[in-house]
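Participant: This structure is in structure tokens; I'll ask about it shortly.
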Amino acid sequence: MSLVVGQSLGLTLVGDGLSLRNSKINVGKSKFFSVNRRRLARAALVQARPKEDGAAASPSPSSRPASVVQYRRADLADDLQAEARALGRAIDASIYSPELIARKHGSQPFKALRRSLEILGALGGFALKLGIDQKQGNLEKNMKKRAIELRRIFTRLGPTFVKLGQGLSTRPDLCPPDYLEELAELQDALPTFPDAEAFACIERELDLSLETIFSSVSPEPIAAASLGQVYKAQLRYSGQVVAVKVQRPGIEEAIGLDFYLIRGVGKLINKYVDFITTDVLTLIDEFACRVYQELNYVQEAQNARRFKKLYADKADVLVPDIFWDYTSRKVLTMEWVEGTKLNEQLAIESQGLKVLDLVNTGIQCSLRQLLEYGFFHADPHPGNLLATPDGKLAFLDFGMMSETPEEARFAIIGHVVHLVNRDYEAMARDYYALKFLSPDVDVTPIIPALRDFFDDALNYTVSELNFKTLVDGLGAVFYQYPFNVPPYYALILRSLTVLEGLALYADPNFKVLAASYPYFAKRLLTDPNPYLRDALIELLFKDGKFRWNRLENLLQQGSKDRDFSAKDALQPVLKLLLDPNGEELRLLVIKEAVRVSEAIALGTVVDTYNSLPEFLRSLVFNGNGNGPLTMSTAELQSTLELRDQVSRIWGLLQSSESFDPAILQPILQVLQQPEARRLGGRVAGGVGQRLAARFLQQLLRATTPSSAPSP
């Protein structure tokens, strides 16, 4: 659930099928605010401050009107104390435990039976239709229709099944593409609960009257979703405008009962359904654990704080502050963000902003989340990504977060390298490192399936390849074979697919892979991690030959990334070359350095030859007016292209904003090392031998000119 002030409707809350209202009242005049005088008398006015590691406040024009009284940011110690108090209020927050929910709901058989009949009544008819389709051979024909029916059934069954369907929409190893597409459309769409209950919950959770905390609050929720609803309010002590999210009464009880029943179905599937190879019970428990974390709003606040610390250093990214002293396990108070949904193209463009710029910011931030720090926003739907009036991209709603293990981050980048190289055997082996397959699974049958799909997909260039097409194709492979896609990877696919979908509103030709490639190129060129260094070597060398076109393309793409550094690109490569264990690579580099040096020298000769008057060419080059070298036309063109390619690569390095001749100083220091001097000597020796051979050929051509082909 997320907040935004819409450009056309006034106050708008964006999210999953949320209701819209825009009225406001004074707290003191509302019939809902019954002030507990005894509690008010003993309660001091709490000076809640957002957490920001002690940095000075930097009010955002998009979220802090000039009329708002600016608050003084607390120092780190006070801030940690405020967070500790919030944690204390959440000390009794429930943690998902299959044993505890079984003990609790197993002792309430009539309640469990009533809900079971409700679920069976909804899903039983659907299962019967599937059985008839299978018997009549109409499964494929009716798949889209059945997927729509399942989405509607999940919506009717309430929050747990809406969340379950959203989770299934990220699992290509469990659901066919038609079901993935339909379940991804599931939206939270529950009616609001009474405002009196919400206000009572705030007072109960924070142990303060509303009048003490707020000077005004909307009398009705700005939005309502499955787990809670949100009010817009103004803090009394500072005038700060905030969003206050209040948890739906009884939601934890309802979700616990549903997961108790769903686990029972999972046990039956694991025991009796052979064609589903995934451990369904483990999958259910992982998902239930994630939903229970969303029920703890202090956990969500900590997620927001961590996210802000990692990613809000960029000028074009906004993460709202948390007000810890007004936050508990059922109440979350955070900075109000004004903005426009990212799929409202006309509203965004009317402010002089470009949707594609904002989406590209989202893609670059998401790539950093997924592959640098590993802590990422797992629910980037349009309501959680807002365009602020000053052009920033605001991230909201941090209930659903996930983490990418460090080894998986590098494995994903390596997987991209294997894809570019069309090395399908290596791609299949990557699935072990990514934990998609258990070590005892033979990947041999999977390789042809990867080849069949990607050979067709890679007929397009990276800039032409549609990410959703790629995901759908991979999903078909995952569905056919015994894959168990980890939750983090499924959420990665969903995040990037959503971002590409948002971009397609503005530009039907936009491709998220093309926008992502500069980041991958920069990481390959600059990251000193040994795994990525090996991946770079694998990308650039083939059959003992260096692929200069690959390096040129990487530099072209990497230089588009705002964080690209020529210094970072040069030094790790040199260190790799001079590593005591790098003899095999040095042999390849020596061979290539000889080729390049020869190409530069011979290119200079050709340029000199071409600049001479025609009568001098015959005099200088042994009476031959057709060319200076004993080389075929194809060989000469290849040599000159190599020289020009190296020249362009050097130009790309020089054009980097971070390029400074001073970066060569540490490189020269590296070259003073004994191994570097030996390497240089071997290169010089190789160049000398090649040029001597060329010179000897030239002399022989002078005595037997007919034996040498004309260039």
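Cβ atoms are placed via backbone N, Cα and C, with glycine included.
Feature table excerpt (Swiss-Prot):
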TRANSIT   1-42  transit peptide
DOMAIN    216-546  domain 'Protein kinase'
BINDING   I222, A223, A224, A225, S226, L227, G228, Q229, V230, K245  ATP binding site
ACT_SITE  D379  active site, proton acceptor
Participant: Grab the pLDDT values for the domain 'Protein kinase' (216-546) and give me their mean, rounded.
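Facilitator: A mean pLDDT of 85 is what the predicted model shows over the domain 'Protein kinase' (216-546).
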Participant: How big is the gap, in Å, between the Cα of A224 (ATP binding site) and that of D379 (active site, proton acceptor), rounded to a whole number?
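Facilitator: About 17 Å separate the Cα atoms of these two residues.
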Participant: Using all protein chains shown, find which of the recorded positions A224, D379 scores highest when you count other CB atoms within 10 A of its CB.
Facilitator: A224
Participant: State the count of C-beta atoms found within 10 angstroms of the C-beta of V230 (ATP binding site), not counting that atom itself.
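Facilitator: Its Cβ has 25 other Cβ atoms within 10 Å.
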Participant: Just name the most isolated of the binding-site residues S226, G228, going by other Cβ atoms within 10 Å of its Cβ.
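Facilitator: Taking S226, G228 as the binding-site residues, the minimal 10 Å Cβ count falls on S226.
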Participant: Let's check the environment of I222 (ATP binding site): how many other CB atoms sit within 10 Å of its CB?
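Facilitator: A count of 28.
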Participant: Among I222, A223, A224, A225, S226, L227, G228, Q229, V230, K245, which the record lists as binding ATP, how far apart in Å are the two most distant Cα atoms?
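Facilitator: Comparing all Cα pairs, the maximum is 14 Å.
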Participant: What is the interatomic distance between the Cα atoms of the residue listed as 'active site, proton acceptor' and S226 (ATP binding site), given in whole Å?
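Facilitator: The residue listed as 'active site, proton acceptor' and S226 (ATP binding site) have their Cα atoms 15 Å apart.
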